[in-house]
Amino acid sequence: MTFDLFDALEATEQSQEQLAPGAFVLRAFALPYVQQLLPALAAIEQASPFRHLITPGGFRMSVAMTCCGELGWTSDRRGYRYSAIDPDTGRHWPPLPTVFLQLAQSAAAQAGFDGFMPEACLINRYEPGTRLTLHQDKDELDYGAPIVSVSLGIPAMFLFGGNARNDKAARVPLFHGDVVVWGGPDRLRFHGILPLKEAEHSLLGRQRINLTFRKVA
DNA sequence: CAGTCGCG
DNA sequence: GGAG
């Protein structure tokens with residue numbers, strides 16, 4: 001039988017780790033919000049279903065994505081962009097639920113970023129095998145605001161790299177309820193997710209949901 | 001190059 | 001031969 005610490009670990013008490021001067025892992029920070037988060041997520045998914053985006057290179061992303069908020073992030077052969085309209089439905093993205101905003105603002109403040117006002121929340125759905133290669137979040141006009149990233153469901157190995165693609169990336173296991181916040185001098189750090197291991201979560205099944213909050217403009 | 005692939 |  002195979003078994004390791006990565007499979008067994010899951011933070012149940014809140015704690016804080018500093019990855020860099022402007023980057024923090026807030027363990028279990030989102031747990032008090034989960035009961036309200038999940039029904040809000042179900043409503044968003046019904047209005048703007050998850051879809052696999054195509055990169056400018058013509059490849060299908062393994063993560064399934066949707067968005068909520070005034071603006072949503074999308075990609076196609078023409079490039080990456082933020083849009084007020086969901087290109088799949090032709091309608092506005094669902095509004096940012098109050099509980100989403102409360103969680104994002106309190107996590108940002110906990111990491112030292114007061115007054116965070118995101119207008120976009122990108123929602124990524126991972127299944128075992130799904131990955132996100134090293135990239136920068138640089139489609140926003142405002143790099144003064146941090147990125148707030150919430151993990152729900154099965155664990156994932158987060159890669160936190162440097163400001164250059166070839167910089168060696170730190171590996172940070174992320175579990176249900178963990179929140180990562182990075183901004184200031186670390187706002188443009190490369191980051192990604194290794195292919196997820198097979199796992200099952202009691203609330204979310206064989207999936208990981210990631211909420212990423214950004215101030216776009 | 002938010003991708004896959006080849007190489008080592 | 002597999003992971004990164």
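Residue positions begin at 1 at the first shown residue.
Cβ atoms here come from the backbone N, Cα and C positions, even for glycine.
Long-range C-beta contacts of A:Y80 (substrate binding site), restricted to its own chain and to partners at least six residues apart, with a cutoff below 8 Å, comprise A:P56, A:W73, A:T74, A:D139. In the three-state DSSP reading, A:Y80 (substrate binding site) counts as strand. Taken from TrEMBL, the feature substrate binding site applies to A:W73, A:Y80, A:R81, A:Y82, A:D139, A:R165.
Secondary structure at A:I209 (2-oxoglutarate binding site), taken from DSSP and collapsed to helix, strand or coil, is strand. Take the CB of A:I209 (2-oxoglutarate binding site) and look out to 10 A: across all protein chains shown you find 22 other CB atoms. What TrEMBL records for A:N124, A:R125, A:Y126, A:R208, A:I209, A:N210, A:L211, A:T212, A:F213, A:R214 is 2-oxoglutarate binding site.
Residues or ranges marked as Fe cation binding site in TrEMBL: A:H135, A:D137, A:H191. All chains included, 18 other C-beta atoms sit within 10 angstroms of the C-beta of A:D137 (Fe cation binding site).
Annotated domain 'Fe2OG dioxygenase' per TrEMBL: A:117-217, in sequence order.
Of all the binding-site residues listed (A:W73, A:Y82, A:Y126, A:F213), A:F213 sits in the most crowded Cβ setting, with the most other Cβ atoms within 10 Å. Using a 10 Å Cα-Cα cut-off around A:R165 (substrate binding site), the binding-site residues A:H135, A:H191, A:I209 reduce to A:H135, A:H191.
Separating the Cα atoms of A:L211 (2-oxoglutarate binding site) and A:Y82 (substrate binding site) is a whole-number distance of 16 Å.
Neighbour counts were taken as the number of other C-beta atoms within 10 angstroms of each residue's C-beta; across the binding-site residues A:N124, A:H135, A:D139, the minimum falls on A:H135.
Applying an 8 A CB threshold to same-chain residues 6+ apart, the list for A:H191 (Fe cation binding site) reads A:L134, A:H135, A:Q136, A:D137, A:F158, A:L159, A:F160, A:G161, A:A169, A:W182. Neighbour density around each Cβ, counted as other Cβ atoms within 10 Å, peaks among the binding-site residues A:R81, A:R165, A:L211 at A:L211.
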